[in-house]
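Asks: Okay, here's the structure, questions in a sec.
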Amino acid sequence: MNALVPMPVMLPMLGAGICLVLGRSARAQRIVSLAVLSAVVVISGVLLWKTDASGPQVVDVGGWGDLGISLVADRLSALLLVVSSIVTLCVLAYSLGQGIVEYGRDTPLSVFHPTYLVLVAGVSNAFLSGDLFNLYVGFEVLLAASYVLITLGGTAARVRAGTTYVVVSLLSSLIFLIAIALVYAATGTVNLASLASRIDDLPDGVTLILQLMLLTAFGIKAAVFPLGAWLPDSYPTAPAPVTAVFAGLLTKVGVYAMIRVQTLLFPDSPLEGLLLVAALLTMVIGILGAVAQSDIKRLLSFTLLSHIGYMMFGLALATTIDSPIALAGTVYYVIHHITVQTTLFLVSGLIEIRGGSTNLDLIGGLARVSPVLGVLFFIPAMNLAGIPPFSGFLGKVALLQAGAESGTWLAYVLVAGGVVTSLLTLYAMAKAWNRAFWQAPPDSVEATPAEGALHGGDAVAVDAPRTSAMPISLVVPTAVLVAVGLAFTVAAGPLFGIAERSADELRDRTPYITAVTDAADR
Amino acid sequence: MSANLTLIVTIGVLFATGVPLVLERSLSRILIGVLLLGNGANLLFLVASGRAGHAPIVGAPDQRASMSDPLPQAMVLTAIVITLGVTAFLLALSYRSWQLNRNDDVQDDVEDALIKRLADLDEASTSFDDSEGGVADEEGSDESEATSGGDHR
């Protein structure tokens, strides 16, 4: 059964190789990618069931025991794997559908599939890694793939946005690398389970430096407030499916790394106050940015930034209060946010096709033109804003409850900040809804192509709002993701149960550590 | 653990020269800066591995005590390969940027550029409550519909 653990990394890598070989045949590439990602969904599902039933699953890949690379699937990793693989599969289906519309001179088909599979492999590797250096490798794999995807086609706007993204990511990788060297110098190991016990023996100052370096590196990737300014500028220019998968997954990998490191290595973290303040600023400043935007993609990028703050909030509280609710809330919020944010970016791609643009000044009246699109936008938008029956509401309630349980004045400030952010999200979403779907379309629009490029959108689309029917192959994957988002509400009980058990596992630490040491001794 | 002073001074010099280069505007300078910083980080792994010794793994079992630590070397190799790949990509990117713009400068953030232009024109954003509607700005928005809040495109 443990043999399944490396599969989510290995299969996409193999698939990427096969896709490269089959570069001439678009059809074969599609079949391979779809087959690989479907297999990953099934395997992740089995892994989740297995880890939930019988504890963390460990594979010692190198056979070097404590020295080599171990891959660990515990409840948190498995849960994130399941959600991310479903999301990546849907986005792949969407991008195949978009092939009808967008593949052409600007998007070389032969590069997309292998790169996308490498990205998936990197994400899975990061989730499964039980070793700090392998986590770095996982990050690099997914980043290298994302560099290619974000500059796909090499148009001027994408090169401009990509440059910032690449340079910032490079710096964060360097900080991470330096942190690993320091960790090794201080402890003589990079295995997370061994580190967990050895870090306790270090002097407080050394521990603090290591923790701050790691958190800074992950904070850049997760786009936490002072480190996240690169995000809203670089994401919107990429093709819709690419932005969708970036928005859903890449920042969450950073959040995952933070959760893992904070709970496993630094459970007695002295940085609660710092994290809480960062969370508050991330939430409020991000959402104020969103309110000011008039392009749907940029607006969504800012809400993405803002809602990272909720996850930081739960994580900061996790070490201080004596119940798993904060961490469980964070885990639930992460999986909710992966799905919803991806869905919204896919829908914005549909809006671009149906309305001709994502700029709110150029479109309008879409509710009459396409009620289906209206429904597809409305549900995830309300979900993101946290309207009661949806999963966004449930996650926020758990986090706010944790804040109230903590009882410090700072936590109450955060609770208030969370509520305000939620309201402002609702405002931003309602604004987007009103202007795109209800308001009458502007009759004369004169935007120059240069303007379009400057706004980060597709220059052609803004230049002449050109509308066309939505292909059914794009609507179906989007609708599936909307349904997955709704399923988080329907299955909220069992899901929150898993989230709570994974939070217990994270707080306890011993199941993870014993599983890894047992595997190393075998 | 006693650390090698030469290595540490070298790392210091590499970081000190790398950081200002990364802060430059030109992508090729950033590239050199990243290379310097990357090499500094790689040397840091050698410091982390402790005292230098005999070639690891190959030696006889009784030499184990005098061997160098092999693990950081493996990590450095990996890190070097990754830096190589990313450097190649960055080079390609700066070449593409030169093809498109005849320079390889990192360009302004779109939002910054828009705000700077508004400032140059000495104009408030369209959401600014100026009652008379003001002038149609060059973003092409119709002043009459600049109604919703906070909209400075």
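Note: Cβ is positioned from N, Cα and C throughout, glycine not excepted.
What TrEMBL records for A:129-421 is domain 'NADH:quinone oxidoreductase/Mrp antiporter transmembrane'. Feature annotation from TrEMBL assigns transmembrane segment to A:6-24, A:31-49, A:76-97, A:109-127, A:133-153, A:165-186, A:206-231, A:299-318, A:330-351, A:372-390, A:410-430, A:474-499 (among others).
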Asks: Which residues of the same chain, at least 6 past either end of the transmembrane segment (A:109-127), have a Cβ under 8 Å from a Cβ in it?
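Replies: For the transmembrane segment (A:109-127), the nonlocal Cβ contacts are 8-10, 12-13, 15-17, 19-20, 23-24, 26, 29-30, 32-33, 36-37, 40, 77, 80-81, 84-85, 88, 92, 95, 99, 103, 134-135, 137-146, 148-149, 152, 245, 249-250, 253, 256-257.
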Asks: Is it the case that the transmembrane segment (A:410-430) and the transmembrane segment (A:299-318) touch, counting contact as three or more CB pairs under 8 Å in which the residues of each pair are 6 or more positions apart?
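Replies: Result for the transmembrane segment (A:410-430) with the transmembrane segment (A:299-318) is yes.
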Asks: Between the transmembrane segment (A:6-24) and the stretches A:31-49, A:206-231, A:299-318, work out which stretch tops the count of Cβ pairs under 8 Å.
Replies: A:31-49
Asks: Near the transmembrane segment (A:330-351), which residues from the same chain, at least 6 beyond its ends, have a CB less than 8 A from one of its CBs?
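Replies: Cβ under 8 Å, 6 or more out: 76, 79-80, 83-84, 86-87, 90-91, 94, 98, 239-241, 243-245, 247-249, 252, 255-256, 259, 296-297, 300, 303-304, 307, 310-311, 313-315, 318, 358, 363, 366, 373, 376-377, 380-381, 383-384, 391-392, 394-396, 398-399, 436, 470, 474-475, 477-478, 481-482, 484-485, 488, 495-496, 499, 502-503.
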Asks: With Cβ-Cβ distances below 8 Å as the criterion, list the same-chain residues six or more beyond the ends of the transmembrane segment (A:299-318) that contact it, or say none.
Replies: 222-225, 228, 231-232, 235-236, 247, 251, 255, 258-259, 262-263, 271-272, 275-276, 278-287, 289-290, 293, 326-327, 329-330, 333-334, 337, 341, 344-345, 348, 384, 395-396, 398-399, 402-403, 406, 411, 414, 417-418, 421, 425, 428-429, 432, 503, 506-507
Asks: Going along the chain, which residues at least six beyond the ends of the transmembrane segment (A:76-97) come within the CB cut-off of under 8 Å?
Replies: 8, 30, 33-34, 37-38, 40-41, 44-45, 47-48, 50-52, 112, 116, 120, 123-124, 127-128, 239-242, 244-245, 248-249, 252, 256, 259-260, 331, 334-335, 338-339, 342, 346, 349, 471-474, 476-478, 480-481, 484, 498-499, 502, 505-506
